[in-house]
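Taken from Swiss-Prot, the feature motif ''HIGH' region' covers 12-22. The Zn(2+) binding site feature in Swiss-Prot is assigned to CYS143, CYS146, CYS156, CYS159. The motif ''KMSKS' region' annotation in Swiss-Prot covers 330-334. Among the features that Swiss-Prot reports, ATP binding site is placed at LYS333, with the record citing sequence analysis. Look at Swiss-Prot and you will find 545-569 tagged as region 'Disordered'. Residues or ranges marked as compositional bias 'Polar residues' in Swiss-Prot: 548-557. The domain 'tRNA-binding' annotation in Swiss-Prot covers 578-679.
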Amino acid sequence: MARRILVTSALPYANGPIHLGHLVEYIQTDIWARFQRLRGNECYYVCADDAHGTPIMLKARERGVDPEQLIEEMAASHQADFADFLIGFDRYHSTHSAENRHFAELIYQRLEAGGHIERHTIEQLYDPGEGMFLPDRYIKGTCPRCAAPDQYGDSCEACGATYTPAELQDPVSVISGERPEVRESEHFFFRLQDFEALLRQWASAEHLQPEIINKLNEWFEAGLRDWDISRDAPYFGFRIPGTEDKYFYVWLDAPIGYMASFRRLAEERGIDFDAFWDAGRAEETELYHFIGKDIAYFHTLFWPAMLHGAGYRTPTAVYCHGFLTVNGQKMSKSRGTFITARSYLDHLDPEYLRYYTAAKLSDSVEDIDLSFDDFVQRVNSDVVGKLVNIASRCAGFITKRFDGRLAPRLSAPELFRTFTASAERIAELYEQREYARAVREIMHLADQANQYIDAEKPWERIKDPEQARAVQEICTMGLNLFRVLIIYIKPIMPRLAEDAEAFLAIGPLAWADVQAPLLDHGINKFKPLKTRIDPQQVEAVVDASKETLAQSESSEPAQGPSGRLAEDPIDEPITIDDFAKLDLRVAEVRVAEAVEGADKLLRLELDLGGETRQVFAGVRQAYSPEQLVGKRVVCVANLKPRKMRFGTSEGMVLCAGPGGEDLWVVGPDEGAEPGMRVK
């Protein structure tokens, strides 16, 4: 019996273009959805633009347009990029829609009726010039712990301390430059702790990956807190029913966008919406969310609790993936590795990135790396040199010598059975999102197909008229092996599959078609299905990305220092005695883990060559914990220990960069050992 499945990806924010980091998730989800359809399941894939929030409101104002116009432009850009990358959404919608307003209000009203919404008065910083309360990221000032200037309203990137905006010294509004004032405001809170038993039970089942279950258990141990679901006007979003100046926080209505998108699709196609969302019918269908590991908190705590509290089903599973690094480092605009989807599409085949991404992905939250050299080598070797080459080596003989007709029998039926016997194993790997292992299986079979052709040597046999029938059967065999491989690779490379189907003069292939060979059948003249990547094409993508960055920067001529020094001038001179006060040591990171409640902090355990130190470092937006374990860093070893609400920090790790995602840990050259002094 066919399964009934609804699949979603996280919603891209509608204030900027799609980039390669985004595409990891959409490629991963699209492959899985295509595989399910290929297997004969009823599978729908929906998504939407996340179109609410202060950043969109302010960006629209900066451009002199209404927020509605901005999100409309972004929607067109996003959908064009997704279409060109062959992301096969059944419906792409927007959170700024009538459907989303309906469900946001309905869920809120049901939660309120159930006693799960409370109101509390809180203190916030208010910009009197702009007439608005300021989110943490729109406040800057001096850190109350280390006195570092130009720090955000929630944490210090210099020392890693966290604090409330009210504690920030000399605060300034990023929007107006004015000093904000403290004002009180009534906010609406969702009582998450009401659902702890449900969430613990849900997390213990097979709904999540082990790494995410471990993280959930940490959150449970720390205690679930009420969630502020409201924002004050002015705000671009949906007004909370019964209020005049309160709006739903963007993270409340964003996941509800999954429901809104599917509702629109259901109305368009006559699908039973309730079968996929009603709590009483959860056994009839399956619901899967594919997301990045950075938003697991919202999707594994708030979202299932909201759904359950409002009478809807909880997800069958939430699948998290890691981030994308490029050439071993996080994406960087200055290096040209912060690549937009469009910059890539202007120079390279989208299926090459789909293939390479699949060849890296597994059911893990580990980050994956796009190495340009490996990308070129793997695509040229696997896709062109192995897979497509099978058809290229066989097709010419069939069309030129046998009038484009395949033989009525296979020359090596046992080898064909070996290929078809792999169907269930490869299917299981797709099902478990172990794409890298599936690709290895497929390419191993491609190697066997090429070895078969090498051994049979049809180019030599064709010289003997008496072996013409054998050559026809050998090439028929080769093309049938190619056809099986195309079925296996079809979820990853749908356009290649479509072109192969046209060449073989057959209709759309399904997974079940692997079992029966294609015999005594006319095919079309072969045309190259894929071409090799020229490394210069990759260079062109990088150069184009750098040009995009340059165009976005000010065109004003530089006055005085240029480059980084213009942005961050050198401080006043110090004496050698001042410098000598710092005891800098090489240290090795033995443990790295995220700090609950601190978006920027990682807790590090550093080996200083005989002594272990605990350090809280504000590098979470730039590095995952896994990237730092085993890494050698430079530590300020004689910094006075500082008590923080998460524990005591016993040093400081040196980093370069302006902060946030643009941060690089400073490390010693090879050979430096933990405990060595840095002079």
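Along the chain as shown, residues are numbered 1 onward.
Cβ atoms are placed via backbone N, Cα and C, with glycine included.
Non-local contacts of CYS146 (Zn(2+) binding site) by the CB criterion (under 8 A, 6+ apart in sequence, same chain) comprise CYS156, ALA158, CYS159, ALA161, ARG642. The number of other Cβ atoms within 10 Å of the Cβ belonging to LYS333 (ATP binding site), over all protein chains shown, comes to 16. In this model, the motif ''HIGH' region' (12-22) carries an average pLDDT of 95. Listed by sequence, the residues of this chain that lie at least six past the ends of the motif ''HIGH' region' (12-22) yet keep a Cβ under 8 A from its Cβ atoms are 47, 49-51, 53, 55-56, 59, 70-71, 74-75, 77-78, 81-82, 94, 323-324, 326, 331, 338-342, 344, 353, 370. For CYS143 (Zn(2+) binding site), the same-chain residues lying six or more positions away in sequence with a CB closer than 8 A to its CB are PRO149, GLN151, CYS156, ALA158, CYS159, ALA161, TYR163, LEU168, GLN169. Listed binding-site residues: CYS156, CYS159; maximum Cβ neighbour count within 10 Å falls on CYS156. Applying DSSP to the motif ''HIGH' region' (12-22) sorts its residues as follows: 3 helix, 2 strand, 6 coil.
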